[in-house]
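Q: The following feature annotations were taken from TrEMBL:
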- A69, V70, K71, P72: NADP(+) binding site (BINDING)
- 2-95: domain 'Pyrroline-5-carboxylate reductase catalytic N-terminal' (DOMAIN)
- 159-264: domain 'Pyrroline-5-carboxylate reductase dimerisation' (DOMAIN)
Amino acid sequence: MLGFVGAGAMGGAIISGLLSSKAFSADDIVITASSPERSRQLAAQFGVQACDSAQELARYCEGGTIIMAVKPYLVCSLLEQMHLDKETLVISVAASVSLAQLQEAAGPDIPVLRAMPNVGARIGHSMTALCPGSACTSDEIDTARKIFTAVGSVEEIEEKDFSLFSALAGCSPAFTALYIDALARAGVYYGFNKTMATRIAARAVEGSAALVAEQLKQGVSAADTADCVQSPGGTTVAGVVALEKNGFAPAVVQAVQASVERDRK
């Protein structure tokens, strides 16, 4: 059984992705939210089961897996109230809540694991970081991998790198959406309607990302891939020079730095 404490933006994205991937059936998933009424409303929305409280969900999912997908300030207080069984794996997707904090709140023998997915989980394209606690067995880590590979790709990282990963993978969907919107607005300036321009830009970015990922397998860097599509004196290099002149790369680096520093506070 897979339980979700919280099914808002991130929890909902994971649930949608898991159901779409067929990795879990609706009968395998149970959720609880801020109130019994909200729990039932969300359960009906996703077609899954509902529990009235986190404590009830903990009993229902005994020996299974529980994903904590609530606001960070709620995670530890809820874990303390849940009186978890030591056979129950707890996965927290909350930013800034450390493994030590999770372990203290859940109990010393409870297997806890941090995960950092992104909203791409909804369509099977999340990039998720995993960091298991010391009480996790290899089977429990495999369980977490199964859940998150069903909604995208997984990297196991050290906990000290979570802030950086959060900025690169968790915040970048917003950065990328703004870039796509800027491309689309330029398209509107030259005559396309906004919907068409956004669709064209989104598909182009999607294809470019797939190409970079594929080329990386062959040892070709993103910069080298960019160089390959710049003909001497051509339209692409003219645009790249304009991006450089207007501080494109420094702006991206500063955005990542700002996100990392905020996460570390």
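The backbone N, Cα and C atoms fix where each Cβ goes, glycine too.
For each listed feature, how buried is it and what is near it?
A: A69 (NADP(+) binding site) is surrounded by 26 other CB atoms, counting those within 10 A of its CB over all protein chains shown.
Helix, strand and coil counts from DSSP across the domain 'Pyrroline-5-carboxylate reductase dimerisation' (159-264) read 88 helix, 0 strand, 18 coil.
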Q: Specify all same-chain residues, apart from the site residues A69, V70, K71, P72, whose Cβ lies within 8 angstroms of the center of the Cβ atoms of the NADP(+) site, ordered by sequence.
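A: Neighbours within 8 Å of the Cβ centroid, excluding A69, V70, K71, P72: G6, G8, M68, Y73, L74, V75, V93, A94.
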Q: Counting all other Cβ atoms within 10 Å across every protein chain shown, which of the binding-site residues V70, K71, P72 scores highest?
A: V70
